Amino acid sequence: MKYLKLDLENALKNPEEIQLLKSRVEKIHHDVLNKNVEEKDWLGWYDLPNTYDREEVQRMKQISQKWAEDGVEVVVVIGIGGSYLGAKTGYEFIYGEYPIKKPLMELVFAGNDISAEALASKLHYVNDKKFAINVISKSGTTLEPSIAFREFRLALEAQIGREEAAKYIVATTDAKKGVLFELAKERGYERFIVPDDIGGRFSVMSAVGLFPFYCAGIDGERILEGARITNEELSSEHLSQNPAYQYATTRYLLHEKYKYPVEMMVSYEPKLQYFSEWWKQLFAESEGKDGKGIWPASGIFSTDLHSLGQMIQDGSKILFETVLTVEQPQNNIKFNINANEDIDKLSYLNGNDLHNVNNIAFKATQKAHVEVGQVPNIHITFKDFSPETLGALFMFFERALTMSAYLLGVNPFNQPGVEIYKKNMFTMLDKK
């Protein structure tokens, strides 16, 4: 693949075992491709890199550029779950926590919890800044983003007036109905569409993720191009030619045959922390039903080697690892250490660079976990921190997840379990 490389050498004792699933994989592939599944109305993401609305993307570019020209410093992106994690993932993947190259406008994410402390601090943060709002909710009734939108909307209106504030609010919502749709229509907010045929956790390459990306100065069409190329690379029904299906079948066998209940996504780059969070939602909500599913966990190494490392190495044998490493980081640090001035005893690093040291940490850890700890290891290398590679990663895991869920015999596109706590909460709040 152009942007990704899959290594299964340390995953299964006999890598050829996955071929036992060959006929099932081919049937699932054709059923999904031909929309011969009960969930056919939720497959809009499958070909989105080819079918996306070009005119809508142009409007995204125009609005985000106009906001930047008007001096907007911060865009508050309000959403939860799939309406938040994709955009947050991309923002962190491109810029990281302390960006060297500054975004077009800073993104602040709200509406993803019900914490008074968190919301109050974010409202205070934008109080003396020129800010705009992108509220993302298909229905407009999800409690967390509804509360956040109310408070930020009132703050913006208090700052510049209701009529002027309407120019700096964009609603990403249903095309025809819903509380947010009606509010946006009444107040004259610009609107983008949450597609009916794309579920929240698959929506990152729709307006749900693309508009925040453009606000941050990230080219959404480059993300879509990386996804398009990867989708073509994953078009084969043949297991031997499709890395996404190889990943799906490997994790399936590790769970079903070898009885590992937990998959831990590991990265050696802090910029991937939120990618792991996006991945966890994608797999947990899609697979976790009917008493089935692999529990998705995550860690950032080498940081978490100093907390979780002991458990992984010597503790209960309950997990396998899926490790993401970058081939070429955006930035690197070269060590130039004079052996005669070795006060910190690091002269053995002279001539080396930090990315290579990080890679050695990965190899040493992999060797320890696989050979001594007996922890199966799936390794995925991605090319760089570019928008194209980000799109490739999104598409790879969405394709792999779909195959994996159908192998488990569950519907990848619903999430009935999360509705139970909502009903309880609304009952306790006396919502009519």
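The backbone N, Cα and C atoms fix where each Cβ goes, and this holds for glycine too.
Unlike curated records, TrEMBL annotations are generated automatically.
What TrEMBL records for this protein:
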- Glu285: active site, proton donor (ACT_SITE)
- Lys422: active site (ACT_SITE)
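Distance from the CA of Glu285 (active site, proton donor) to the CA of Lys422 (active site) is 15 Å. The number of other CB atoms found within 10 A of the CB of the residue listed as 'active site, proton donor', across every protein chain shown, is 23. The Cβ neighbour count for the residue listed as 'active site', using a 10 Å radius and every protein chain shown, is 13.
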